[in-house]
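Enquirer: After the structure tokens below, expect a handful of questions from me.
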């Protein structure tokens, strides 16, 4: 079985593949994961056991990380506690054509999502929207040319910034509001948060497609993708897009002996 991990700024998303099938998924706050290799190793083994994963069957590990200061500890934990050399996805481990961008600046999670999207839709121009800590737009052509896109604060990050910057405002649960014109402060915040982000999504998509000059197939992923499932923005929502991209990159690089 293959252990894959998407280490993000807010959450670590862990998946276990048996062949091409995900048999277990676990999500924890990144802040809850201690930073030493021993603490990480114990945490990973415990988390997998609690989800009925047979640790003895794990024979490979692929990682996407946008938290560089945790990479060494995470890699060391996998080596020490699973006796596996982990594979880290990067610009150097993909056959995406990244010549149009500053490739070293592109996050591993964005690379993984593009790899997975291309595998699912090999003959389409694609727009991948990842709604996580940040909301990112990535455009990749049917010829596997990565064109990048845009980045804006994510839904939760926007809410946190609002509440931290305005002393009389407090946090709210993030849900789609029933109305745009709120009747109290909480519904005001929900309305601004939801419809403000929705407007940004629609406008960034419109401008991206206009600049690209051709229709695109739009895939959403990330923790907040489902929040906008009723809106006419995405062609599909793929919650495990990054995990599947890590798996594909791991298998491709194993063939090359990397």
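Heads up, the Cβ atoms here are built off N, Cα and C, so glycines get one too.
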Enquirer: Among 93, 94, 133, which residue does Swiss-Prot name as a further ATP binder in the site formed by 6, 7, 8, 9, 10, 11, 12, 13?
Expert: 133
Enquirer: For residue 130 (K(+) binding site), what is the secondary structure by DSSP, using just helix, strand and coil?
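Expert: Looking at the DSSP assignment, residue 130 (K(+) binding site) belongs to a strand.
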Enquirer: What count of other C-beta atoms do you get within 10 angstroms of the C-beta of residue 8 (ATP binding site), across all chains shown?
Expert: 24
Enquirer: Which state, by DSSP, holds residue 6 (ATP binding site): helix, strand or coil?
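Expert: It is in a strand.
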